[in-house]
Amino acid sequence: MSDLVLVLNSGSSSIKYQLLHSDSAEVLASGLVERIGEDSGRIVHEAGPAKLVYDGKIPDHKAGLARAFEMFRETGLDLKTLGIGAVGHRVVHGGEVFWKPTLITDEVLHAIEKLSVLAPLHNPANVVGIESTRELLPDLPQVAVFDTAFFHTMPDAARTYAIDAKIAAAQDIRKYGFHGTSHQYVSEKAAEFLGKPAEDLNQIVFHLGNGASASSIQGGVAIDTTMGMTPLEGLVMGTRPGDLDPGITPYLMRAADLDVSGVEQLLNRNSGLKGLSGVNDFRELQKLIDTGDADAKLAYDVYVHRLRRYLGAYLVQLGTVDAIVFTAGVGENSPAVRADALAGLQNLGIEIDPERNETRTPGIRRISPDFAPVDVLVVPTNEELAIARAAHKLVSA
Ligand code: AMP
């Protein structure tokens, strides 16, 4: 089976895509369809040195994909005749049903759609993306790779919320965790880099992007993570608050007269770094801090405080930690966050070499001194490659 895979990540108004070889990781083309359904949309498509931009109305996901597929043709890549082995779709919520990459049939698609109650902001968009691709490329096998899958192994004590057990069971309320594809990918890469089997390592992974989560991984198996039933729990994120006293929601509904969608809007779009400082982008936040902005500084301090709280929790859970891994936009690019998150922990064997921390090199790197008992690594994540490999493996089996 050809190792060429088209990977799609469909959001409510956008689709990110990449065409790549899953063996060599060589990317032939990538792009982003944006502002689907709005007055004016945009597609930016890159294939080697060629960069095409389309500006115009994109009424729906299918129209956006059809236009993007034309752009593939315009750059000499006809998706129908290239010999693609599979299409891999990122699907956010697999619930209790899916914890492995799964070949998409009508039945599977229906089940993913049913899981929309658990992820109303994500699964419906994933379903639309899958349906559109199946219509446009009907002859290719399509594979769903679930963001929750890696955390399926969490023990009951970690995944159970302490609320009425009958209600929890009836409504499927439990911790599922997200960003699993990234946590799994970077923890495997870290093991490769350290020259040891993942089964022999305990790791704490910080995926710090616009969304952010940490995980506690024991011998290659996830035993806890910060995101919960939804991607709102845990760390402070670009626009999401992370952990919050559950009493705040009913309080706000009464005191600030917010309805359900008002609360959802507040928690998904107007909280986190943005809620505290006005900006959700970490680079913007750093610029504000440099100008002496007190709100931005507080946002940063809350962000780091939360990281350290979970670091402490996971150190205790694991007992012994071999590696602490930073990944995603902030984790890969902010030496300040890495240094502040791990400051003052020399007695626990955790230390950062300031020069290594500041030095940027592509690929994986160790930022702890060679003598430190705990390896601190920066590992670039690559969810597209992980999805491509999972899809290729499934269709080749
Ligand atoms: P992601 O969701 O992984 O794409 O990460 C997005 C986040 O990474 C945004 O908050 C960006 O501001 C942040 N980011 C990207 N590059 C840098 C950088 N050089 N320094 C600090 N933050 C960065």
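Any Cβ shown, glycine's included, is placed from N, Cα and C.
As written in TrEMBL, here are the features:
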type	residues	note
ACT_SITE	ASP147	active site, proton donor/acceptor
BINDING	ASN9, GLU383	Mg(2+) binding site
BINDING	LYS16, HIS207, LEU208, GLY209, ASN210, GLY211, ASP281, PHE282, ARG283, GLY329, VAL330, GLY331, GLU332, ASN333	ATP binding site
BINDING	ARG90	substrate binding site
SITE	HIS179	site 'Transition state stabilizer'
SITE	ARG240	site 'Transition state stabilizer'
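Within 10 Å (C-alpha to C-alpha) of HIS179 (site 'Transition state stabilizer') lies none of the binding-site residues LYS16, ASN210, ARG283, VAL330. Between ARG283 (ATP binding site) and GLU383 (Mg(2+) binding site), the C-alpha separation comes to 22 Å. Each residue contributes its Cα atom, and for VAL330 (ATP binding site) and GLU383 (Mg(2+) binding site) those atoms are 16 Å apart. Among the recorded positions ARG90, ASP147, LEU208, ASP281, GLU383, none has a Cα sitting within 10 Å of the Cα of ARG240 (site 'Transition state stabilizer'). When the recorded positions ASP147, LEU208, GLU332 are ranked by how far their Cα is from the Cα of GLU383 (Mg(2+) binding site), ASP147 comes first. Among the recorded positions ASN9, LYS16, ASP147, LEU208, VAL330, GLU332, the ones whose Cβ sits under 6 Å from an atom of ligand 1 are, in sequence order, VAL330. In this structure, ASN9 (Mg(2+) binding site) is part of a beta strand by DSSP.
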